[in-house]
Amino acid sequence: MRIGLFDSGIGGFTVLKKVIELCPNNSFIYLADTARLPYGVKTNNEIKKIAEEISSWFRYQNIDAFLVACNTTNAIALDVIKNNLDIPVFDLIGSAASNIQESRVGVLATPSTVRTKAYTNAILEFKPKTFVIEQPCPAFVPMIEMDNINSDDITDVATGYLQPLLKQKIHSLILGCSHYPLITSSLRKVLPSSVKLIDPAEALSFKLKFFIDSKTRNYSKNKNFVDLKFYVTSNLKNFSNKAKHWLDVFPEVNLVSLQKKGWVS
C-alpha cells in the first residue's frame, strides 16, 4: 500500500518509525512543510489553509491511506483533510485518546493545539471522569529543529513546562506533538518514574496495521522492504541530513511548492 503522511518538519519521523516497525512492506510518502514551521504558533485559519494545500497535494500522489502526523493540524483542521480526501485518514489525537487508561493525564503540546483543548475533549469523550491538564510548550519545536535536543537548555525548559502538571499529580503524560518523542530522555530527567509516557504514534500505528491487514493479506513478509519518498517545501539539504541521522536512511528528497500547480510527484 501507499501511505501518505506529513508534518511541519522532522517531528513526523517519530510517527514514520513507529509505522514502519508495525507495517513494513509498504510505500511511504512523507511531506515536510519546512518553509512554514513551526505550526504551533499559527492561527486556526492559517492551519486550515495549510491543511487544504497539503491534502490537495496528496490527492495527486495515488495514496491508499493518510496519516496526520502533526498534532496541531490534527487539532484544528482534521475535518478539512477528511473532506478533501476520499481515503481513510488516521489521526494521532483520536488514536491516543481511545487508549487512555489512567485517571489523571497531562498533555504537552503546541500553543495552537492546547488552545483547542482537542486532547481534553477527545479523552473525555472516551473516559468522561478523567482529569486532564494541557501545557503549551512554544519553545520545544524550534529547539528540536535546531538539534538542541540533549542539552541542559532543553532540560531546563522542560522543567518549567512540567511543574504545573506534576503539581496535579498526573499518572501519565501524552506527548501531544510528534516532535516531542525526540526529547524523551530530557523529559525523563524531570519526570518521576511512575509517570507513564504516551506516544500517540503507537496507537495510530496499530490502527493502521489493522487496516492494512484487513485489506492486504498476501503481501511479502520481507521486513527489510520499505519504500520511502520524501518531499520538503524548503531547506532540502538540511532535511536530508536530519533524515539520515534520525531514520538511518539515505533518502532522495524532492523540493515541492504547495502554492503552485506545478507539483513534483
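Every residue gets a Cβ built from N, Cα and C, even glycine.
According to Swiss-Prot, the protein carries these features:
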ACT_SITE  C70  active site, proton donor/acceptor
ACT_SITE  C177  active site, proton donor/acceptor
BINDING   D7, S8, Y39, G40, N71, T72  substrate binding site
Open item on the list: Helix, strand or coil by DSSP: which one applies to D7 (substrate binding site)?
Closed with: strand
Task: Rounded Cα-Cα span from S8 (substrate binding site) to C70 (active site, proton donor/acceptor), Å - done: 7
Open item on the list: At a 10 Å cut-off from the C-beta of T72 (substrate binding site), count the other C-beta atoms across all protein chains.
Closed with: 33
Task: Separation of alpha carbons, C177 (active site, proton donor/acceptor) and T72 (substrate binding site) (Å) - done: 7
Open item on the list: Please report the Cα separation of S8 (substrate binding site) and C177 (active site, proton donor/acceptor) in Å, rounded to an integer.
Closed with: 11
Open item on the list: Please give the substrate site's span as the largest CA-CA distance among D7, S8, Y39, G40, N71, T72, to the nearest whole angstrom.
Closed with: 11
- [ ] Starting from the Cβ centroid of D7, S8, Y39, G40, N71, T72, which together make up the recorded substrate site, report each further residue of the same chain whose Cβ lies within 8 Å of that point, ordered by sequence.
- [x] G11, L37, P38, C70, T73, T110, S112, T113, V141, C177, S178, H179
Task: Rounded Cα-Cα span from N71 (substrate binding site) to C177 (active site, proton donor/acceptor), Å - done: 5
